[in-house]
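Notes for the one structure printed next.
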Amino acid sequence: MTTDPTTTARPAFPGGTILGYPRIGRRRELKKAVESFWAGRTDAVDLEIAAGTLRRDTVRRLVALGLDPDDGSVPGSFSYYDQVLDVVATLGAVPARFRDLIDPDDGSLEPEGYFTVARGRGEDAPLEMTKWFDTNYHYLVPEISESTPISFADHRVVREYAEAKEAGVTTRPVLVGPVTFLALSKAADDAGEGFHPLDRLDDVVAAYADLLRALAAVGAPWVQLDEPALVTDSLDVPADRLHAAVNAAYRTLASGLAAATDDEAGERPAILVAAPFGGLEPDGLALLAATDVEAIAVDLVKGSVPATGPVPGLATKTLVAGVVDGHNVWRSDLTARLDVVDALRPLGAGAVAVGTSTSLLHVPHDVDDEVFADAAPGRTGGTTLDPRLREWLAFADQKVGEVTVLARAVTQGRDAVAAELTASSQAVASRVTAAGVVVPAVRERAAALTDADFARGPYAERAAAQAARLGLPPLPTTTIGSFPQTPEIRRARAAWTRGELADADYTAAMRAEIDRVVELQTALGLDVLVHGEPERNDMVQYFAEHLDGFAVTANGWVQSYGSRCVRPPILWGDVQRPAPITVEWSAYTASRTDKPVKGMLTGPVTILAWSFVRDDQPLGDTANQVGLALRDEIADLEAAGIAVVQVDEPALRELLPLRRADQDEYLRWSVGSFRLATSGVDAATQVHTHLCYSEFGEVIGAIDGLDADVTSVEAARSRMEVVPELRDAGYSRGIGPGVYDIHSPRVPSAAEVTELLQLAVKSIDPALVWVNPDCGLKTRRYAEIEPALTHLVAAAREVRATL
Ligand code: GLN
Ligand code: ZN
């Protein structure tokens, strides 16, 4: 391990940097290494070798792309699983049930223990997982109490700094900051009444201080502490408490530890505090500027800084202007971005550097990993991108390039990068005029919409018409849509995608699967049947592949949580439906049964939330375009005789803005786009929606606003709590609280399901209650769902008899 103390001079901040880089690997090397370790095919040494190779390749690549190898421009942002879990490990702050996993000799938790905290063991539940700010990344929620051990326990951060240094690159270690770490933690079960994790701030800060000392001792010139808690007001911590915590934490870390001077090595590296995912309004910048940290990174893509005059304290600091979007895939107009950097001048920062708005964790690695072809994209799952898109896109590596160009412009003047500025403006301009980006017919249709297009008739009339048409028993039973995706289904789809299976054979294979699923549902005695979604790879990608205006990537993987990655489609142009998408599958299903069949679609908000969206128009306009395409699909389903249509919106809450002041506007357009999709139907057609969660928080009022005839939600784990909550929020249409927790392989007994159902009918008019699982069944096995659904139907019959 290198320990030469090179921090003898106060370091200048890099001219250009990124706040973090994807860590899963260009070919998901980390995923593969971690999963083979979990499966026992490799051991901890193999894992460490694979991860070390990936880390070294990454820092060298960042240097090759133009970041400075010597000044801390290159972030050290690796993680085996999650950056919040990394802090838990660093502090040894694991819940009591996992404390035996800590190595008694050195306080470390890796690697088995680390993954066990993330994934659970036997009866010991893992840490909960939840969304990281407004991204689709999920972090693990630390559990903290008065008695949680907190110290600088695991030194992996220091080892990784030394490892990169040995590979010739001086990195800037990146950690979630102490305030955000605690603000995102929850009180552990053993915490006393009224305890908040922030009560442990002093202990956490003391541990960070030790960590900073250790980093200084190995010569790290910079460290980055991410404090995105400062950009949101929707955490359960009041702003004044958060601000007091920031003051206290950085007084200790920045003022309390000596920074390097020109003559002397410091006790700590210079500190960059980063505030990604939004603006630091109203006074977060002033707050940070008043501390003794050396640099502050602000998000100038989602946020802005009103440059009204000098900010006290900023004159001694570097302001890192986050002008390159770390959270979306579009190439920047570099000239426009430079104008944003220049506009910061009145703030009076000591220096201005250029950065990304967020870590690049949220975008794929490299546009050049995609196959571009002049031919039209192939069949489902095809791997070619329209060649025009290459010019318009910037994934992580391209964004590093943008940062370095902008940094040169800032330090050497715009003329030094005139060619790059022109090229970027041309690329952005070509996007504006390209065919498909603006489709007049789509625009005209959207412009002609009136309020009537967003509204159905009165619910009472609809309910009566639907009851007459469907003839369902009380407590009707159904499922959420998907049935298990068997290896045979996946094989058939893969073969078809490769062109090895003819269209007709593929269709036959999927129809055979539908037959099987219909037979099973009939045998089980379910009331409203589904086709099982065998033809869908993913509930968003499937629709993206069938709508104009979207592209899908071959290697555009983005970490969702742990080793899980997703490939979000890219929504680049006006959205149109060239042909019906699901109608043949649903109509075929309906031809195989006399029971009602439920058509299955993904809603506009979810399609947007799980895609990269265009940045050249308001999201609400894009949502309405998707809404109109779905409206046409629903009209075709209706014309094909389908009486029930479900439009899934599991991501409705995900796009909720971080600032409360922005939330009403979001709910207006998101709910509006759902209503636009679903309100074209006859009163006798029943519209369902499905939301994957049970804690609605701020969106609870919006659930009613969707105006669906039936809403199914997750409810089994929380024992139906959501039913009275929805009732109290004024919801009074059909409700399907999940009575079978599909997230676990466990099969609930009929008695358990009956008990849950009894809870539900006690809290709301039983005439409104539907009986269904928590979510789709695609991740489960038939051996699990057959008995579970048998019990579900039995429970429905039993409770029905008591009504
Ligand atoms: N209809 C989808 C399914 O059953 C819904 C999935 C979801 O809610 N995430 O798989
Ligand atoms: Zn769900």
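Just so it is clear, glycine is given a Cβ too, placed from its N, Cα and C backbone atoms.
Annotated in TrEMBL:
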ACT_SITE  His743  active site, proton donor
BINDING   Arg28, Glu29, Leu30, Lys31, Lys131, Arg564, Cys565, Trp610, Glu654  5-methyltetrahydropteroyltri-L-glutamate binding site
BINDING   Ile480, Gly481, Ser482, Glu533, Asp648  L-methionine binding site
BINDING   Ile480, Gly481, Ser482, Glu533, Asp648  L-homocysteine binding site
BINDING   His690, Cys692, Glu714, Cys775  Zn(2+) binding site
DOMAIN    17-345  domain 'Cobalamin-independent methionine synthase MetE N-terminal'
DOMAIN    475-797  domain 'Cobalamin-independent methionine synthase MetE C-terminal/archaeal'
Lys131 (5-methyltetrahydropteroyltri-L-glutamate binding site) to Glu533 (L-methionine binding site), Cα to Cα, whole Å, comes out at 26
Glu654 (5-methyltetrahydropteroyltri-L-glutamate binding site), Cβ-centred 10 Å count of other Cβ atoms over all protein chains shown, is 19
Near ligand 1 by the Cβ criterion (under 6 Å), the binding-site residues from Lys131, Gly481, Ser482, Asp648, Cys692, Cys775 are Gly481, Ser482, Asp648, Cys692, Cys775
Hits among Arg28, Glu654, Cys775, i.e. binding-site residues with CB under 6 Å from ligand 2, come out as Cys775
Expressed in Å to no decimal places, the gap between the Cα atoms of His690 (Zn(2+) binding site) and His743 (active site, proton donor) is 16
Simplified DSSP label at Arg28 (5-methyltetrahydropteroyltri-L-glutamate binding site) comes out coil
Using a 10 Å radius on the Cβ of Cys565 (5-methyltetrahydropteroyltri-L-glutamate binding site), the other Cβ atoms enclosed count 18
Surrounding the recorded Zn(2+) site, with Cβ no more than 8 Å from the Cβ centroid of His690, Cys692, Glu714, Cys775 and those residues left out, we find Ile480, Pro650, Leu691, Tyr693, Ser712, Val713, Gly738, Asp774, Gly776
For Glu654 (5-methyltetrahydropteroyltri-L-glutamate binding site), the spatially nearest of the recorded positions Glu533, Asp648, His743, using Cα atoms, is Asp648
Smallest Cα-Cα separation from Glu533 (L-methionine binding site) among the recorded positions Arg28, Leu30, Cys565, His743, Cys775 is shown by Cys775
Recorded positions near Gly481 (L-methionine binding site): from Cys565, Cys692, His743, Cα within 10 Å gives none
Check: min Cα-Cα distance from Cys775 (Zn(2+) binding site) over binding-site residues Leu30, Ile480, Ser482, Cys565, Asp648 goes to Ile480
For Ile480 (L-methionine binding site) and Glu714 (Zn(2+) binding site), the CA-to-CA distance in whole Å is 11
